[in-house]
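Visitor: Once you've had a glance at the structure underneath, I'll fire off some questions.
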Amino acid sequence: MDLVLEAADQHLLTPYVYPAWWPEGEPCRQLLSLFVITNVGALALYLLFGTLSYYFIFDHELKKHPQFLENQVSREIAYALRSLPWISVPTVALFFAEVRGYSKLYDNIEDSPYGWSGVFLSMLSFLFFTDMGIYWIHRGLHHKLFYKRFHKPHHLWKIATPFASHAFHPVDGFMQSLPYHIYPFLFPLHKVTYLGLYIFVNVWTISIHDGDYRVPRLLRHVINGSAHHTDHHLYFDYNYGQYFTLWDKIGGSYKSPTSFEGKGPHDYLRKLREK
């Protein structure tokens, strides 16, 4: 995140926003800047990719499903917009620790002992590490001690749209993002790669709520896509994973998506029309 902060200081904050006497490296200034940047960035990613997905990928026929709520899209957006600033508070604390040099993020490819191969390996390990972490955190949030208070609001959307992707209780949203932020404190990761992965995970989160169940046949039971996550919203105790089905299969919570078996939401709507 220090790359973004540095660019913001250079092109906007130092010459136009902050007084000249306030040093760029001063902690309070960094915290304030990170809070604004994090909120603006999260809002931009959510609204931009959520809108693109909603208008160009999401099947609007799903809005005719009986479990699609009245005014659901506006309610999803409103809930997300209320939650994002609160989610950003602990997130900014972790970004601040990164900026202050406590993470294992590095600037140059040469700083990695494995060069470019190390960059590609770190991308793969990031995906597998975060998928594992999110699985167990997500599953834990379904425990009766936490579900009603923190995770139930996200399950209000049985037939989700892309805008449901970030419509979490703030504690729920931060906890499920925690593996992303922990990774660079445990393992070396290139800074630009980290920014790219941060964008990717936000887009992926939107994509598994977009109602587009198409997955290459060979990967249907490997990739945790929108079909899997739709069944999670509908049937509660299945498919907790983020990118892959590995941990659901290990944990005994894997469910073959109903949409792959002719019993999904689109099939339900088709049968309603036939009646």
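Numbering starts at 1 and runs along the chain as displayed.
Placed from the backbone N, Cα and C atoms, the Cβ positions cover glycine too.
From TrEMBL, here are the annotated features:
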- 124-252: domain 'Fatty acid hydroxylase' (DOMAIN)
- 31-57: transmembrane segment (TRANSMEM)
- 77-96: transmembrane segment (TRANSMEM)
- 116-137: transmembrane segment (TRANSMEM)
Visitor: Averaged over the domain 'Fatty acid hydroxylase' (124-252), what pLDDT does the prediction give?
Guide: 95
Visitor: According to DSSP, how is the domain 'Fatty acid hydroxylase' (124-252) divided among helix, strand and coil residues?
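Guide: Output for the domain 'Fatty acid hydroxylase' (124-252) reads 86 helix, 4 strand, 39 coil.
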